[in-house]
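Asker: Would you mind keeping the following structure in view while I ask a few things?
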């Protein structure tokens, strides 16, 4: 057996949903993670500081007794977002970031931004006060191929925005392409990127080869193998601009296994086992802690966690359920398509 001790990790991009789903999935995160940036794309979305405060209370009420977990709240950017409310939420310590969803880009994004100019007053205020903007980096215009959405977003939205507001701190969330990795590496100032567990493991073949596999469908969609390999190199590099954001996104199985299935992969329960496998495979276990526990806090201006967790490599594969049951219905767990031998033994 082999033990690996790392500081307790954080998740810098997490969907907890609400109600019965929230109560069903929260323990899979709070068991191992200290903090998480909580996505605001509920129905209705978390638009105001009051919305965020109320949602935070619902999350805290759902955390199992004995778990120590802090939800880091975000606001859903709209073309009518009030800069004063955003600043007040930030100054109070409640709001840690604002999320830009291009309208129609992903689950519950219909209230998102269609014209970036209409959101400039709040973006300018965020640049002034140092509040990060988290972006879903895809365009949604019909003429752009779905596999090119990220590259086109960088060229037509992100780069012009950064030139217009160079002091705005931007997290390019769930980077999925070599284009995204290279852009972050080449533009050091006020730019970082989160990487999901599943994009380090699957490429688009996982979705399409041998039949449609809806439980590997997510947005941004998995890309070619060359992009997956670029993501791996970024994750294991130790570069402080790259960190874990699982984008773990639960949907009940009937909404995934249908003619128009939802986008999202549920990875919270086995993310650390998957990541230990990936980093060991790349000969980079010594840099797992940076990716999961150090780089994210540094970017968001928070201290690294003092507590530690222990990952133990064992001969027998770790057993995870194929699905979890929630009050909302069954949720299929991400299958990495290889056995997992790293287990969290102390958290």
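Every residue number used here counts from 1 along the chain in the order it is shown.
Here the Cβ of each residue, glycine as well, is placed from N, Cα and C on the backbone.
Copied straight from Swiss-Prot:
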ACT_SITE  247  active site
BINDING   13, 15, 99, 247  Zn(2+) 1 binding site
BINDING   15, 16, 17, 41, 136, 219, 251, 263  substrate binding site
BINDING   99, 136, 174  Zn(2+) 2 binding site
MOD_RES   99  N6-carboxylysine
Asker: Show which residues of the chain containing the residue listed as 'active site', separated from it by at least 6 in sequence, have their CB under 8 Å from its CB.
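Answerer: The answer is 13, 14, 15, 173, 174, 194, 196, 198, 218, 264, 265, 267.
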Asker: Could you tally the C-beta atoms, other than its own, that fall within 10 angstroms of the C-beta of residue 174 (Zn(2+) 2 binding site)?
Answerer: 28
Asker: I need the CA-to-CA distance for residue 136 (substrate binding site) versus residue 99 (Zn(2+) 1 binding site), whole Å please.
Answerer: 8
Asker: Quick one: of 16, 219, 263, which of the binding-site residues has the smallest count of other CB atoms within 10 A?
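Answerer: Taking 16, 219, 263 as the binding-site residues, the minimal 10 Å Cβ count falls on 263.
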Asker: What is the Cβ neighbour count of residue 251 (substrate binding site) at a 10 Å cut-off, with all protein chains included?
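Answerer: Neighbour count, Cβ to Cβ under the 10 Å cut-off: 25.
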